[in-house]
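Enquirer: Below is a structure I'd like to ask you about.
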Amino acid sequence: MSSSLLRLPAGIRCLILGRLPLTNVSPLRLTSAVIASTAKPYTTATTPPPPESSVNHTEVSHFSALAASWWDPYGSSRLLHLMNPLRHDFLRRCLSASPPDPAQKLDILDIGCGGGIFAESAARLSMAQSVTAIDPTPECIAVAKRHQRSDPLLMEAGRLNYLQTSIEELHNHTTTANSASARGDREMKQYDIITLFEVIEHIRRPYPFLSSILPHLKPGGWLIGSTIARHPVSWFTTKFMAEDILGLVPRGTHEWSQYLMPGEIREWARREAELNTSEGLGWRTMGVVYVPGIGWREVRGSEEVGNYFFGVSKRGDGV
């Protein structure tokens, strides 16, 4: 066995050698991804550039072509369908750090919602007051709205609202009246939970993008996402195997150089004074591995070499 293989987590070595002890691992989580081998860990050594749109028009075109098959459980979005229950598992794990009052209903924002797989399921949760789901791709929003109409529950006023927009422009769509202001000023709507599943790896400037989300998050709320670690193992699994050999996802879905390491995201979070990065309380990660023919499995330590979830909370009372 090569020395490089020996340095991998035991669970990953077992997967590669075809000996994964499936009875000892619990299910959880996918991502799709993109963000720099040339990219460096987050640093405040240089002043961040002024805010600009995070929309990558190449990515918009790519997902426009996939929109029609979004709700086909055996199509190009099959892995997203398989992963959706695991998104909810991780969300509950994050909320367990400070369980919300069962009587409290939560406002959820889903960024990069695509055709609405997670947004629809979130809108059906008993704890959900409302779900706002945004995506810059018009074809995806059209597919999401069309599928929404198949369930009368989702058509209830305020339950699920799709918007074709970016996070930078969201305030133009969702401001609320400020009752404390004599002038009746409008202020930015905030959310208890903000999700971005399989999104950040498609953003060219991820740290300004992440920072632009924070004003929309309530104190005590959680920012929950997923992506892929930039490691040779992830190139082999997500590029070579998933795209070129097995055809699990269309070619061009991933750009290995744009993957982010968990430590890079956590370093960004540490530079944001309003975020709580205490392990287990305000910061959580979970690594997962896809086993063809079986599904996704949580493998401890794999967050450094492949797909993983991350969650970070905003300081203050809230969820």
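Any Cβ shown, glycine's included, is placed from N, Cα and C.
Curation plays no part in TrEMBL annotations; they are all automatic predictions.
Pulled from TrEMBL, these are the listed features:
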BINDING   Arg87, Gly112, Asp135, Phe197  S-adenosyl-L-methionine binding site
BINDING   Glu198, Glu201, His202  Mg(2+) binding site
Enquirer: Which number gives the other C-beta atoms within 10 angstroms of the C-beta of Gly112 (S-adenosyl-L-methionine binding site), all protein chains shown included?
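Expert: Taking every protein chain into account, the count is 25.
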Enquirer: What Cα-Cα separation, expressed in whole Å, is found between His202 (Mg(2+) binding site) and Gly112 (S-adenosyl-L-methionine binding site)?
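Expert: Given the Cα positions, His202 (Mg(2+) binding site) is 10 Å from Gly112 (S-adenosyl-L-methionine binding site).
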Enquirer: Once the DSSP letters are reduced so that anything not helix or strand counts as coil, what is Glu198 (Mg(2+) binding site)?
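Expert: Its secondary structure by DSSP: coil.
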Enquirer: In three-state terms from DSSP, label Arg87 (S-adenosyl-L-methionine binding site) for me.
Expert: helix
Enquirer: Using DSSP and three states only, what is Gly112 (S-adenosyl-L-methionine binding site)?
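Expert: It is coil.
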Enquirer: Can you tell which of Asp135, Glu198 has the most other C-beta atoms within 10 Å, given these are the binding-site residues?
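Expert: Result for the most crowded candidate: Asp135.
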Enquirer: Taking Cα atoms as reference points, which of the binding-site residues Arg87, Gly112, Asp135 is nearest to Glu201 (Mg(2+) binding site)?
Expert: Gly112
Enquirer: Could you round the CA separation between Asp135 (S-adenosyl-L-methionine binding site) and Glu198 (Mg(2+) binding site) to a whole angstrom and send it over?
Expert: 12
